[in-house]
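K.L.:
Here it is: the structure, laid out below.
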């Protein structure tokens, strides 16, 4: 594997530089040349490791903001949701949400970025969420045919989107914890 | 009032032309010159009536997609929500959501559009929603101190956003009706 040639430290360094550049100039103006210059690596190396700017940027995002739902398994639904919320970094959330908003807008005219975000960032989290809910069903905590089960993603997306777009506030841990208790658990019949 | 000089028919005709242009070229490329040419009016008239491109576009949006929550009052919470859902035009919803997405992206670099959308489109609907919920509280249908009451907007925003962005499906009436029954009513304790 080409990627294995980079040490984890070097990879983390590269991702941090990509995110810095992204905050400075935005997705559209970010070039592989600039990443190469900033990280003292060659463009050939970057393309060999990541294939495209879209993939490099999304992997950098994923490394910096890892909800990693698939790694959450506390043994109870409440524990899992609290673990999820506690992975939100209150200090980072504002900085990152500006960055996410910028990426989200760039998606509009960058289909490859759209695909990378979907495949590398959104789908793994949604699959992790589904597995987490399935375990709660298997433990008998929630019903397999509850009508809200298929809408947990919608509820959570709403929390993040409305908090930022309408309330103009960061979706911090205190807000998310209250929202999960007020909306998600009652809808799931917990 | 300058605006009263236009007949409602003429106003509707102008708004329709603005939305056509918006679908054709997008917000950034839409000019007052193009609107004037398309509608056989003068730019001076357009600016006198609407003040700015942002206000003209948002008023055109509002005329075409009128949820008008503030005009919904059926006498019950369930009736009000069903009335709200029934105002969604399934045939229009896909066309309009492309248009809304385009506007939403243009907001990123057009603060005046952001402000007009917020003041003329978002806030009136949210105020209408709050009034609708307050009447349900007054009738004793839901509790004034229910913890989900302040999150109804978040739940609804989530329905629209996740349906389009993650499921890649239009938020049509059947979906919205199911979502309200599965998520909003249980969270409100109805």
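Note that Cβ sites are derived from N, Cα and C of the backbone, with glycine treated the same way.
Unlike curated records, TrEMBL annotations are generated automatically.
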K.L.:
Identify the DNA-binding region range according to TrEMBL, selecting from A:11-30, A:31-50.
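P.N.:
Checked against TrEMBL: DNA-binding region maps to A:31-50.
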K.L.:
Same chain only, please: residues at least 6 beyond the ends of the DNA-binding region (A:31-50) with a C-beta under 8 Å from a C-beta of the stretch. Say none if there are none.
P.N.:
2-3, 5-6, 13-14, 17-18, 20-21, 25, 56, 59
K.L.:
Roughly where does the domain 'HTH tetR-type' (A:8-68) sit in mean pLDDT, to the nearest integer?
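P.N.:
Taking every residue in the domain 'HTH tetR-type' (A:8-68) and averaging pLDDT yields 91.
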